[in-house]
Amino acid sequence: MVQMKKCTTKEDVLEAVKERDVKFIRTQFTDTLGIIKSWAIPAEQLEEAFENGVMFDGSSIQGFTRIEESDMKLALDPSTFRILPWRPATGAVARILGDVYLPDGNPFKGDPRYVLKTAIKEAEKMGFSMNVGPELEFFLFKLDANGNPTTELTDQGGYFDFAPLDRAQDVRRDIDYALEHMGFQIEASHHEVAPSQHEIDFRFGDVLCTADNVVTFKYVVKSIAYHKGYYASFMPKPLFGVNGSGMHSNQSLFKDGKNVFYDPDTPTKLSQDAMYYIGGLLKHIREFTAVTNPVVNSYKRLVPGYEAPVYISWSAQNRSSLIRIPATRGNGTRIELRCPDPACNPYLAFALMLRAGLEGIKNKIDPGEPTNVNIFHLSDKEREERGIRSLPADLKEAIDEMKGSKFVKEALGEHVFSHYLCAKEMEWDEYKAVVHPWELSRYLSML
């Protein structure tokens with residue numbers, strides 16, 4: 001499978017469509033919650049779509065507009081054009097992302113990609129560019145006879161296991177091939193800690209490209225898995241008693257080609273700006289946990305005992321901390337935020353991480369001393385004495401923190417902020433009204 005030539009202009013895309021016999025192009029964007037929205041246009045309509053955009057009804061999209069002001073258009077981004085390698089080569093199908101605009105030609109402020117681009121502009125004003133390297137984990141489950149997803153395991157493998165314990169290595173290989181064909185640089189692919197859990201790591205990149213890649217990654221993983229008879233789930237905690245799936249986010253700032261976080265003259269080899277960036281993340285993380293960990297199920301992962309963070313602290317190597325500093329230095333110096341999960345909208349999550357870090361640098365926010373002990377072994381009193389706070393315990397607590405946050409409101413903009421909170425409050429209200437199997441198991445026979 002040969003990696004396709006990267007397109008940067010409309011002309012590049014039109015030439016590739018002709019050379020590769022592409023018949024349909026799936027135009028895509030995400031709603032406020034990060035769910036992909038897509039519709040196909042025939043290749044003959046592509047040039048006009050580049051010229052005039054693709055019109056759609058925004059009132060039918062989560063978090064967009066009311067029915068009386070619903071006309072919107074998608075402006076295609078040629079740099080995101082990719083041919084889908086699992087589709088037939090003859091009469092091929094491609095995918096392209098875009099930016100959402102209003103009919104008057106102004107960007108739609110409710111577009112998650114716009115929110116991230118606005119944060120990027122703030123960084124550029126300070127002379128910075130942001131790189132991100134996410135680590136996405138997922139489960140592969142069996143399908144039932146009707147092709148619907150189950151939670152039936154595909155194997156009993158563990159961390160770094162291989163065949164026969166890892167029964168999905170061929171599926172991962174096919175996913176790797178497809179991603180590489182679509183321009184990803186795959187760095188590692190392996191079985192994770194939990195049964196049927198997997199991780200595929202791709203090389204870091206600039207923050208907008210990486211957010212696009214997260215959207216593409218989930219789309220590719222789900223598509224290939226389904227073609228192979230599996231269901232790929234990015235649900236944070238689909239199974240009780242085993243590790244959940246995270247999206248650890250490694251991040252760094254660059255200026256004039258140099259890593260801003262690296263300083264060879266300090267004991268930790270971390271710059272003062274790196275420390276302030278950490279301080280900004282620690283200060284604001286509770287306010288935007290509802291975005292990095294966006295669903296009710298997210299908080300079943302953020303509990304002690306399963307390698308997920310619970311407490312707000314930082315450390316050089318301590319994996320019980322929220323923020324870890326991997327050992328690599330030089331241009332590889334980075335900060336790893338460990339709470340995000342793959343259910344998040346990457347555009348919004350990365351925008352908030354960047355904004356929080358920038359505010360830390362602007363306001364010289366001190367992160368305090370690193371916590372180099374296992375935080376889970378500390379008593380409540382010891383954590384209190386060290387000033388270690390906890391992440392929100394559930395989605396309701398996260399929503400309440402976000403509602404009172406001037407920082408998050410300014411970072412997301414009024415439209416996204418209000419629509420996102422409305423959607424999350426509805427989700428929580430629906431959840432709390434449902435009678436869960438645990439309640440029946442616990443109480444039915446005794447009460």
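Glycine residues also receive a Cβ, built from the backbone N, Cα and C atoms like all the rest.
On a predicted model such as this, the values are computed, not experimentally measured, just so you know.
Under the heading domain 'GS beta-grasp', Swiss-Prot lists 20-105, citing sequence analysis as support.
The domain 'GS catalytic' annotation in Swiss-Prot covers 112-447.
Secondary structure from DSSP puts Glu336 (Mg(2+) 1 binding site) in a beta strand. According to Swiss-Prot, the feature Mg(2+) 1 binding site maps to Glu135, His248, Glu336.
Annotation note: Glu192 (Mg(2+) 2 binding site) sits in a coil segment as assigned by DSSP. Applying an 8 A CB threshold to same-chain residues 6+ apart, the list for Glu192 (Mg(2+) 2 binding site) reads Glu137, Tyr159, His198, Glu199, Asn243, Ser245. Positions annotated as Mg(2+) 2 binding site by Swiss-Prot: Glu137, Glu192, Glu199.
The ATP binding site annotation in Swiss-Prot covers Glu187, Ser252, Arg319, Arg324. For the recorded site, Arg319 (ATP binding site), the DSSP three-state label reads coil.
Cβ neighbours within 10 Å of Arg338 (L-glutamate binding site), excluding its own Cβ and spanning all shown chains: 20. Per Swiss-Prot, the feature L-glutamate binding site maps to Asn243, Gly244, Arg301, Glu307, Arg319, Arg338; the stated evidence is similarity to another entry.
Among the binding-site residues Glu135, Arg301, Glu336, Arg338, the residue whose Cα lies closest in space to that of Ser252 (ATP binding site) is Glu336. Each residue in the domain 'GS beta-grasp' (20-105) gets a DSSP state, and the totals come to 19 helix, 38 strand, 29 coil. Taking the binding-site residues Asn243, Ser252 in turn, the residue surrounded by the fewest other Cβ atoms inside 10 Å of its Cβ turns out to be Asn243. The most densely surrounded of the binding-site residues Glu187, Glu307, Glu336 is Glu336 (count of other Cβ atoms within 10 A of its Cβ).
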